[in-house]
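Inspection log for the structure reproduced underneath, given as structure tokens.
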Amino acid sequence: MAEHPKARPARVVEQHRSGYIVSDGPDHGFPVESLPEWQRPPGYRKGTVTIDQRPGVGDWLLVEGRKAVALLPRRSAIKRGAAGEHYQQQLIAANVDTVFVVCGLDADFNPRRIERYLLLVRGGGVEPVVVLTKADQAEAADAEVLPDAMAALVELAAQGVAVRAVNARDAESVAALNPWLQPGCTAVLVGSSGAGKSTLTNTLLGTERMKTGEVRENDSRGRHTTTHRALIPLPTGACLIDTPGMRELKPTGEEDVAENFSDVEALAEKCRFRDCKHAREPGCAVREAIEAGKLDPQRFANYLKLSDEVAGAAHRLAHRRAQKAEEKVANKSLSKRLDEKYGKH
Ligand SMILES: Nc1nc2c(ncn2[C@@H]2O[C@H](COP(=O)(O)OP(=O)(O)OP(=O)(O)O)[C@@H](O)[C@H]2O)c(=O)[nH]1
Ligand SMILES: [Zn+2]
């Protein structure tokens, strides 16, 4: 603020290809002209703008009139690996307290996908909460659906991750999420298309702000209706960020697999061999637990899969960083040689 004495803080509430909408109060959003380096499309001079320099929804900017002049430091950031062959990170939301991982208690219900979401969003002061929608439909269809779903998520509950089943269309039911929607808190909704994010948003708002997709009959998926990320002030005084249905959920390489699979890691500690691969080794505590029915084999398979993916992404991240450091050194020595040849300029 010392550098920009005339500027005031405002928060990014919408991000569009052409720029940002920011807000400095609950009823007030206005477009700002962003710094030229924020406007570069991804891939333009690869690696010159990282997600740490480019604002996203939830970020605080310093704004002078209708111009954004600076991006303020983030308290937390939720990221994923971008699709594509080059390593790149994508910001989902910034300055978030809670992530609601939304999943329907219908054909969409998938504990493995929930584990994947949690791996991506956890850490850095962000609290994950699993929200199981369509509890009303599930209950009407089969009394066992909800208890079965809770049983499938028992390890998450044991780790202290809150799991709440709701009818996203019913305000009284959705009030179960109020502990995470106190004044000044920011929560973000993630979950696949049709999980009920827009429905939840509308119910929390008490109005029809978001268009919800009609469910197609045979696959129970909603149509893709949410087109951009937006931050919305709620009547409770919290801020809510809705994200478009995220099909691809690639790790960035910075995730903590051990934290998310502490049950598996604790078992692995008890294996006879330090480097046990839990395949055919004697004295393998992981396989014993699976055989004794104490560890879900699918959860273990997902642990192996996600560990591999995170390790692969971490490797690519390290490579990317080394490449950048090399480029920096090369640029420095080039400008030094130019200085020597043509004099400082
Ligand atoms: N009965 C019932 N229907 C629900 C519930 N949650 C969502 N639905 C319905 O499921 C469909 C999809 O919900 P949406 O809110 O559009 O899903 P979304 O997550 O916003 O989907 P995208 O915008 O594509 O990301 C809609 O027809 C909702 O009415 C619920 O808890 N109970
Ligand atoms: Zn083992």
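Just so it is clear, glycine is given a Cβ too, placed from its N, Cα and C backbone atoms.
Range 321-345 is the one annotated as region 'Disordered', of 21-45, 196-220, 321-345 (source: TrEMBL). Record note: TrEMBL gives CYS271, CYS276, HIS278 as Zn(2+)-binding, and the candidate from CYS239, CYS284 in that site is CYS284. Nearest neighbour of CYS276 (Zn(2+) binding site) by Cα distance, taken over the binding-site residues THR133, ALA135, GLY191, SER193, LYS197: GLY191. Only CYS271, CYS276, HIS278, CYS284, in sequence order, out of the binding-site residues GLY191, SER193, CYS271, CYS276, HIS278, CYS284 have a CB under 6 Å from ligand 2. Comparing SER193 (GTP binding site) with HIS278 (Zn(2+) binding site), their Cα atoms are 35 Å apart once rounded. Residues from the binding-site residues list (ALA195, CYS271, CYS276) with a C-beta closer than 6 Å to any atom of ligand 1: ALA195. Note: the compositional bias 'Basic and acidic residues' (323-345) comprises 20 helix, 0 strand, 3 coil (DSSP; helix = H, G, I, strand = E, B).
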